[in-house]
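Participant: Let me begin by handing over the structure; questions about it come next.
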Amino acid sequence: MPWNKYIELRCKHYGYCLDYHEEKRKKESREAHKCSKKAKKMISLKAKLYHKQGHAEKIQMKKTIKMHEKRNTNKQKQKKNAEKIPQGAVPACLLDREGQSQAKVLSNMIKQKRKEKAGKGEVPLPKVRAYGETEVLKVIRTGKRKKAAWKRLVTNVCFVGDGFTRIPPKYERFIRPMGLRFKKNPPALPPLLHPLHLSGFLSIFYSVLRYHIFLEAFSDVS
Amino acid sequence: EDPLPLAFFVHDAEIVSSLGKTLESQAVETEKVLDIIYQPQAVFRVRAVTRCTSSLDGHSEAVISVAFSPTGKYLASGSGDTTVRFWDLSTETPHFTCKGHRHWVLSISWSPDGKKLASGCKNGQILLWDPSTGKQVGRTLAGHSKWITGLSWEPLHANPECRYVASSSKDGSVRIWDTTAGRCERILTGHTQSVTCLRWGGDGLLYSASQDRTIKVWRAHDGVLCRTLQGHGHWVNTMALSTDYALRTGAFEPAEASVNAQDLQGSLQELKERALSRYNLVRGHGPERLVSGSDDFTLFLWSPAEDKKPLTRMTGHQALINQVLFSPDSRIVASASFDKSIKLWDGRTGKYLGSLRGHVAAVYQIAWSADSRLLVSGSSDSTLKVWDVKAQKLAMDLPGHADEVYAVDWSPDGQRVASGGKDKCLRIWRR
């Protein structure tokens, strides 16, 4: 590329060639065909880099076109300026007051944990809590020497969808017994006062009340 | 004719069973003349509400304010979704949805004749609505720069056309608006911080309480500052006038309420006379009394028309006081506070009467029944409780709301209680 404008100066002094402008126009119009020919003929790494460049350019072009389409009209400006109504409406008496501070929340949590540990105010109601693997799954040993222990038997209720089909038993990692497969949650039963006296059948329904754990673990494909 | 129910008091102790038993507990000299004071009670009796008859969905954000019209015919609620909704009480279904505000509707106030509702929003705009059509009446009253904290109409006996409404705002000014002309009549400035509460008294005085720890008394017709009542140590949150209920209900007499609430009948002159007679009856001989509750955990009893010194200071609460209300017969003052209790005080002297405990979280709003025997309170623990004031005990516990209860109102004809809160649901409770 020339560093000074001597070419332009020369053209200014002596004028352009007679068909210069026409040739220029035609050459520019052939650019598209040339690019396309090049793109078709290129292969391997060279082609990859070339197409990557072209793709990036295309994306940029699309963005600018979209930007130009969304011109800032008056209505759009108004819409932008319209405040979004914040959530958490409170009456006027509570407006100037901040809610519970973070420190208060933490200290309350600590106090609650301490009370729970001390066993104060405990009621004989079943607690809802997270259950560990050992409580819900039972290890099944398979193989000739009963050495492989990758299968698990689910001891709690599972909720299966309508189109549930077992994975081929040989490859099944989680075995769900037929009796423990449910589609719907049975209606909530009143809290049982003497859980120790449950028959085997009722105990299944009791465990249904604690169904929410481990659903995520079983939603995968074993 | 039914005999007028009376309550008898000997030395401030009510005679419940017999005079002898009451005197046993008091040291009385047998040679002195004993004064037995009698107080007439309301002729009609309001029954405690016991059940939730309907839970009305419709608002898409928390319900912030709930108000029955003075006759109990209409119910309006303002919410955080910027709409004001009117509810049809005979079928307990939604009636109208009024859109027009652009931010939370913080306060609503019925005109004393029940024909207009004024609602103020967080942007500082006031709109007027017609309850029978649900359409906006007149122009949007804009002028405040910050949110509206309170609205108060001119009493019916002063002007039966219900033309003027006063509004207080966080920007520290009080504006008096002419609703027929749709413009601001007067601006009362003087407070240095947000005006939290506003009351238009029956004597032509306007009372405004503010976060700058003062209460200012203005003359309503020319806007001159009469008095500044100082004494509180922190923000003044709330105020109540002894004649509040009479000013709110205007010419409607709760004793004459029928099952089907009706609009007020009569010419303007008749309404004015009826309102004036009711007002004079509640007011009694002295001037109006004012009770103010503040963040400094105390209440003050003032006689603002006479003196700028308080009559009494009522202490006892352990957290800030959210609302004070005089009973409709102005004999008892109830104060709801964030310390989970409601305290009752004598309306004349400010003497402590008792505490109503039962809530497990802050009590946000209270409402009296029209016969002054029952009190309903809505709290942050999502329950409402109906209290028997005479026995100072819990009459009914009304659970049902899923989240905090922000607003409670008892209809002036005593039939219904409406409550709304954070769970976006408006509940109507009946006997």
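The backbone N, Cα and C atoms fix where each Cβ goes, and this holds for glycine too.
The annotation repeat 'WD' is assigned in TrEMBL to B:56-97, B:98-139, B:141-187, B:188-218, B:314-355, B:356-397, B:398-431.
Tell me about the setting of these features in this model.
Facilitator: Secondary structure counts, DSSP: the repeat 'WD' (B:56-97) has 0 helix, 24 strand, 18 coil.
Per-class residue totals from DSSP over the repeat 'WD' (B:98-139), listed helix then strand then coil: 0 helix, 19 strand, 23 coil.
Residue counts for the repeat 'WD' (B:141-187) under DSSP, helix first, then strand, then coil, are 0 helix, 25 strand, 22 coil.
Same-chain neighbours of the repeat 'WD' (B:188-218): 146, 149-155, 157-158, 166-176, 224-230, 232-241, 243-244, 246-247, 279, 283, 287-288, 290, 292, 294, 302, 304-305, counting only residues six or more beyond its ends whose CB sits under 8 Å from a CB of the stretch.
Cβ atoms under 8 Å from those of the repeat 'WD' (B:314-355) belong to residues 12, 39, 41-42, 234, 237-246, 254, 282-284, 289, 291-301, 361-372, 375, 377, 379, 387, 389, 392 of the same chain, restricted to positions at least 6 beyond its ends.
In the repeat 'WD' (B:356-397), the DSSP tally of helix, strand and coil residues is 0 helix, 24 strand, 18 coil.
When Cβ-Cβ distances below 8 Å are used as the criterion, the repeat 'WD' (B:398-431) is approached by residues 44, 46-68, 70-72, 75, 77, 79, 85, 87, 89, 92, 248-249, 252, 254, 257-259, 261, 361, 364-371, 374, 376-386 of the same chain, each at least six residues removed from its ends.
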Participant: Counting each residue once, how many in the repeat 'WD' (B:188-218) are helix, strand and coil under DSSP?
Facilitator: 0 helix, 19 strand, 12 coil
Participant: What are the DSSP helix, strand and coil residue counts for the repeat 'WD' (B:398-431)?
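Facilitator: For the repeat 'WD' (B:398-431), the helix, strand and coil counts are 0 helix, 17 strand, 17 coil.
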Participant: How does the model score the repeat 'WD' (B:141-187) in terms of mean pLDDT?
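Facilitator: Mean pLDDT, the repeat 'WD' (B:141-187): 93.
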Participant: Do any residues of this chain, six or more beyond the ends of the repeat 'WD' (B:356-397), have a C-beta under 8 angstroms from a C-beta of it, and if so which?
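Facilitator: Residues 14, 41-42, 44-46, 48-50, 245, 249, 254, 257, 319, 322-323, 325, 327-329, 331-332, 334, 336-344, 403-410, 412-414, 417, 419, 421, 423, 429 contact the repeat 'WD' (B:356-397) from elsewhere in the chain.
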